[in-house]
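Chemist: Before we start, here is the structure in question, set down as structure tokens.
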Amino acid sequence: MERLRVIRHRCLQLISGDRGRGWYSPPSSLPPKSSLDAQDPAFQRLSGKRRVVVARWGPHHVEYQNISKGFRNNSIRTTKYNIISFIPMNLFQQFHRAANLYFLFLVLLNWVPAVEAFQKEITMIPLAVVLTVIGFKDAMEDYRRYRYDKKINNMLTHVYCRKQKHYLERSWAEVCVGDLVRLCCNEIIPADMVLLHSSDPNGVCHIETANLDGETNLKQRQVVRDLPQQGSEFIPESFSSRIECENPNNDLRRFRGFMEHPGKIRVGLQCENLLLRSCTVRNTETVIGIVVYAGHETKAMQNNSGPRYKRSKLERRLNVDVLWSVALLLLMCFVAAVGNGLWLNGLKDPIFMIPDNTPSALAAFYTFWTMIIVLQVLIPISLYVSIEIVKLGQIYFIQNDIDLYNPRFDTGVQCRALNITEDLGQIQYIFSDKTGTLTENRMLFRRCTVAGTEYPHCENAISLEQFEEQGCGDVDRSHTLRSRSSKKSLSCKSLSCNQSSVSLKTLTAESDTDSVVDTLRRRTLGAFSGTMECAVVPDPQLKGKLDTLCSPMHPSVCHEAAEISHILDFFLALAVCNTVVVSSATQPRHVVQMPVVRTHLRSLEDMKLLLQKLSLPRFPNSPNQKTDSPSSLTKKLFTRGRSAMYFPNSPLQTPCTTGPLSNTPTCTPSDTPSTASTPVLLRSGACGDMKDEEEAKGYDETDSEEDDDEEDDLLYEAESPDEAALVQAAKAYGCTLLGRSPEQVLVAVPGAGPLSIPLLHVLPFHSARKRMSVVVRHPFTGDVMVYTKGADNVIMEVAEGAKDGFSREVMERTQRHLDQYAREGLRTLCVAKKVLDEQEYKAWLKRHEYAETSIENREELLLESAERLETNLTLLGATGIVDRLQEEVPETIEALQEAGIKVWVLTGDKQETAINIAYACKLLRPTDQLLTANCDSKEACVARLYELQREIKHFTKGGPSSHDMSKDDKSTSDFVLVIDGRTLEFALHIELQEAFLELTCCCRSVVCCRSTPLQKSQVVRLVRDQLKVMTLAIGDGANDVSMIQMADVGIGISGQEGMQAVMSSDFAISRFKYLRKLILVHGHWCYSRLANMILYFFYKNVMYVNLLFWYQFFCGFSGSTMTNSWVLIFFNLLFTSIPPLVYGVLDKDVSADTLLDLPDLYKSGQKSQAYLPSTFWLTMLDAFYQSLVCFFIPYFAYAGSDIGVLSFGSPINGSALLIILLHQVIESRTLTWLHGALLLFSALFYYVFVLVFSVTCVTCNSPTNPFGIETKMMSEAPYYFVCGLTTVLALLPRILLRVIFNSTCPYDLVKAQKIERLPPMEYCSSVKQWKESRAAGKLSTRNIPVNLSVNADVPNLTDCITEGGDVIS
């Protein structure tokens, strides 16, 4: 009934008009909810999904006591155990393993007198050893976590105390929800807090999230809007607002809620208002926040899921074979039980047996369980522990491989998943991102088109090439500063903002005596703001047009007004449409301060007059004329104390000045504002105040000396390399971004100096929209402007339809330029604008504020609001950004393809750009046939897929099926499929998946363009699940996380976009080229070593257990053994356990150089040649044969003698030990002194143990007496003859078969082993012949068509083929 009441309540909400909005704060024009809702049980239940937070010591103190009971404190505990609970909890967790439960069952079973096989203590030894080893490892790991937790919980912060009336130092563990916390610069945030106050006059705080997601660039956070105390000193007792927000979750990029002020005014809360735990406060003296999530409820702890666990393919195969071993054990026990029953029935009152009344059937039942205990070694209990140890050793060698170390970033390989190293040796499909994975992700501005005119920037291209040749692209990333007085290096993170008024002014750049290159290398750079990114050479033609704004009365200005307006708006959009944080190069963690006042200009004439009054340099005519840098202009403008206020609807309006420049300064006729929206400049004091001029002149003279000593270069901290490249390009043309606050952006415009542009709204980038926008007040016209940048196809769709010839021509020309940029491999972005009138803006703002205050469905409402605004845009232009390939990417992809791995590229770039990059990195070859699929509907997609399949089958004379193609590399063709995002969306539908896979399996590679993060993960899952293949996904950004997590093996690249991909990956590398050795060498080694070690464990256990089984035929299946129980238990646990570990860590079937030279060798792992079902059963048969030889040769040798049972078992145990150890020597490809020493140690350990046991133990193996048996047997010659003969006969068949097989039809690995033993010259010749023969074999199996009609879909394909390898280097 309660559920029905909830449904009824929601239906009433929908009917009443609250459709789809969830919890929200309605605008003032909407009627508030009825107070009766609060009494509705359904409403109360719904409200339980969110939390209410009030200040702990504020006016709501009583309410806080009631609601705080359900909140957790801020202490964290990541440990699993404590001193008291360790033993029971650890044992409980260990017994979750089936193997441990199995051996626990055997221990308990041996305590039953009727089925007892050994002494009770002996059967406990194997289980006790395994539990102790694993328990010790868990205890050490938990102790390290305990020490870390203690260190974190004892960190100090400042929390407000009502009794003391000020902030006191408290440990992090004492912080509670509702506490007011004060933080200073460079302090770590102790809990998730809503920002209430910042010492920054604009209410801004910057944080560094490196501890959370690895990103070092600054993130901007802002104080909650409309706080009563905003702009003044924060008084904790006066804070009486309430916060309602969502319950704790792990979404780092989402925070939904609202703050209700005393006047019942609600303000929406977003992630920009939230300071996350573990982040570091930067550039701000003091911030104050209220804790909303503490301890394990914080987003950082919600995302702390610990190490990743995946089950490898080999482990899944191992579990199947363990089940076969269990079946074999049950079969052997059943045979023994039946044999015992038959044997007892055949006896007629034997004199050697104690008479009892046990029926033969019941005795056989007891024998079954006794044999379970005797043959327990058949199930390898030590195998799972050995596998963990071997994998740790493999990971150690991978992480310490010097060839995988990047000295530039000082990073090597990170193995985050500890149990899937062998999967690296079985990869069949690789899904790769492009940007940042194959390319550098260092975006360099290359060229642009504005208003339909293309500007090639030839000098910029030449300078980039020269800069790269000089080696200045790799800058030193160590963030150090030097003091002017001491010249000692200071860490940026050690700067104390509490004394910034003194210390920050003493920090400066290097002295002028240093060389330019050295200074560039030592200069502290921001995120994506390297020296190459800053080296943008303007195009002379475009620069000349923009410089007309700086020139006096120019006759061509009036004629070029429309074009200049487009150009200025284009660069203004590049400068303001971003989230770049501006700081100083000499003080990289301290942001350039924004002025308190805001200056708005309505025309260039007003701007000139203002600059004249301020005695600033007037518009220079000569480029050689000395001018102040933008930063010094900013400094002069903001330290004079002149105020300027902007009133968009002020009645005191100055009429527009008529003149040559008054009507056509920067805007098109359609952009001319109405009189009501013309801005007004109100200045304090008269315009011609001589006192002001004298003060300004005096300041100029005083400040000029400081400018000569210190030049504050701007530093841009961007969230993406695209933003940084575009801002640097705008700066090169004089549109310099000088500062940013939540309310305004400071931009230096050519001929105008610093302008403060009101920033009304920022609509951030969204993967669904593929664009971002800002809403600003135009600095000249006062109009509400929307500047948008994004993917070209998206901007073209939302651009305004051409209403006149000029706009239509601009769009057509821009599209042609975009196609040209894409063919050159450039990343393209379009820039557009929109002018809003006041009524239209107010209507949109009303609905947008409604979306901002919603708690549920906020993302959907904000997306809808942004899409409503971004319509009917006016296209301004487009940019082309070059992103160069990483080094050795073509060689790596070529090697992976030779290894039989299919490489797919999933990118969001244009189709032409992706094709060009694919040619440059050798994913596509000139002889490949391109198949393109660009469809606008599902029906067209179906037709296209089947059309391409028919074409392929026609030229290949019947294409193979998808399952054949995925498993047989010889059928790989020369076809490459290129599919766009819309077509891919149709192809991923259930009814089209089979057709899509059939087509892709006939292709050598696939390139997916314009694909979204969700589509990437869907493609990986489709191929992995449907084709049953091993997949690997590699990427570097947050948009690749879903793809990385979906693949069997996920690899993250620690590149330019933070550490999100790395934190979600199984392995992390710094460059794509390292993937070659990681997969082809370490992957092959890990798989072959582990597979052979597992088979060896099965072999030695089955071989030794069968010796006990054969003895049952001669003891009436009674469960007796011919060896003492101590040797029986220790044989597999100690005597033969160490050599396999070294074998699994150090064995090398082929050297690393040979594996890299011959990638074909990797195919053995793809085909699982080392561990096939047939290989497993052949190993079992060999173990059965060797056990027969090992048992019956001593049996016949001592037949008819008077030796005892234990004496008979002595040569059997010795022979078994030698056979098992020498068997490993035969299987090993690498024999070093370490292998020999361990083998000798194992043999000596056995003989020392049995000899000591023989001379010291009398009653250790009751009821038998082993005293003196081993010493007597080893003192006789037949013992050594029997052991030697048995060992030779047992191993001879394996050696003969190995020799015959390797001589007649050897595997490729055997051939490679022979080749690498050759001298260097012969080795190189053999490798060359190998590759030529393989290439000739592949070529003979292909039917390359002379022509293929489907290639006509690719425009200018010839240009792509001829230029593909030259554009990206």
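Each residue, glycine too, has its Cβ placed from N, Cα and C.
Per TrEMBL, Mg(2+) binding site is recorded for Asp433, Thr435, Asp1036, Asp1040. Taken from TrEMBL, the feature ATP binding site covers Asp433, Lys434, Thr435, Glu723, Phe765, Lys789, Arg827, Thr907, Gly908, Asp909, Arg1010, Lys1016, Asn1039, Asp1040. Taken from TrEMBL, the feature compositional bias 'Polar residues' covers 650-661. Annotation comment: TrEMBL describes 701-712 as compositional bias 'Acidic residues'. For 65-123, the entry in TrEMBL reads domain 'P-type ATPase N-terminal'. What TrEMBL records for 1062-1305 is domain 'P-type ATPase C-terminal'. Among the features that TrEMBL reports, region 'Disordered' is placed at 649-712. Residues annotated as transmembrane segment in TrEMBL: 99-118, 318-343, 363-385, 1094-1114, 1126-1146, 1176-1197, 1203-1222, 1234-1257, 1277-1297.
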Chemist: Using a 10 Å cut-off, grab the number of neighbouring Cβ atoms around the Cβ of Asp1036 (Mg(2+) binding site), all chains included.
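Modeler: The Cβ of Asp1036 (Mg(2+) binding site) has 32 Cβ neighbours within 10 Å.
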Chemist: Below 8 angstroms Cβ to Cβ, which residues of this chain, lying six or more residues outside the transmembrane segment (363-385), approach it?
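Modeler: Distant contacts of the transmembrane segment (363-385): 97, 99-100, 102-103, 106, 109-110, 112, 114-118, 123, 126-127, 130, 133-134, 318, 322, 325-326, 328-329, 332-334, 336-338, 340-341, 344, 1094, 1097-1098, 1101-1102, 1104-1105, 1108-1109, 1112, 1117-1119, 1121, 1128, 1131-1133, 1137.
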Chemist: What count of other C-beta atoms do you get within 10 angstroms of the C-beta of Arg827 (ATP binding site), across all chains shown?
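Modeler: So the Cβ neighbour count for Arg827 (ATP binding site) comes to 26.
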Chemist: Against the transmembrane segment (1126-1146), which of these stretches has the most C-beta pairs under 8 Å: 99-118, 318-343, 1094-1114, 1176-1197, 1277-1297?
Modeler: 1094-1114
Chemist: Whole-number Å only: compute the distance from the Cα of Arg1010 (ATP binding site) to the Cα of Asp433 (Mg(2+) binding site).
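Modeler: With distance taken Cα to Cα, Asp433 (Mg(2+) binding site) is 12 Å from Arg1010 (ATP binding site).
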Chemist: Can you tell me how the residues of the domain 'P-type ATPase N-terminal' (65-123) break down into helix, strand and coil by DSSP?
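Modeler: Once the DSSP states are binned, the domain 'P-type ATPase N-terminal' (65-123) shows 34 helix, 0 strand, 25 coil.
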Chemist: In Å, rounded, how far does the Cα of Asp1040 (Mg(2+) binding site) sit from the Cα of Gly908 (ATP binding site)?
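Modeler: Gly908 (ATP binding site) has its Cα 11 Å from the Cα of Asp1040 (Mg(2+) binding site).
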Chemist: Rounded to the nearest angstrom, how far is the Cα of Asp433 (Mg(2+) binding site) from the Cα of Gly908 (ATP binding site)?
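Modeler: About 9 Å separates the two Cα atoms.
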Chemist: If you measure Asp1036 (Mg(2+) binding site) to Arg827 (ATP binding site) at Cα, how many Å is it?
Modeler: 17
Chemist: What's the CA to CA span in angstrom from Thr435 (Mg(2+) binding site) over to Arg827 (ATP binding site)?
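Modeler: Their Cα atoms are separated by 10 Å.
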Chemist: Rounded to the nearest angstrom, how far is the Cα of Phe765 (ATP binding site) from the Cα of Asp433 (Mg(2+) binding site)?
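Modeler: Just about 19 Å between their Cα atoms.
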Chemist: Given that the record lists Asp433, Lys434, Thr435, Glu723, Phe765, Lys789, Arg827, Thr907, Gly908, Asp909, Arg1010, Lys1016, Asn1039, Asp1040 as binding ATP, what is the largest C-alpha to C-alpha distance among them, in Å?
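Modeler: The ATP-binding residues span at most 24 Å between Cα atoms.
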Chemist: Which entry in the list of binding-site residues, Asp433, Asp1040, has its Cβ near the fewest other Cβ atoms, using 10 Å as the limit?
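Modeler: It is Asp433 that, of the binding-site residues Asp433, Asp1040, has the fewest other Cβ atoms within 10 Å.
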Chemist: Sort out the sequence-distant neighbours of Asn1039 (ATP binding site) for me: same chain, 6+ apart, CB within less than 8 Å of its CB, listed by position.
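Modeler: Listed in sequence order, they are Asp433, Ser767, Gly908, Pro1013, Lys1016.
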Chemist: Average the per-residue pLDDT over the domain 'P-type ATPase N-terminal' (65-123) and send me the rounded value.
Modeler: 84
Chemist: Over all shown protein chains, what is the count of other CB atoms within 10 A of the CB belonging to Arg1010 (ATP binding site)?
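Modeler: Neighbour count, Cβ to Cβ under the 10 Å cut-off: 23.
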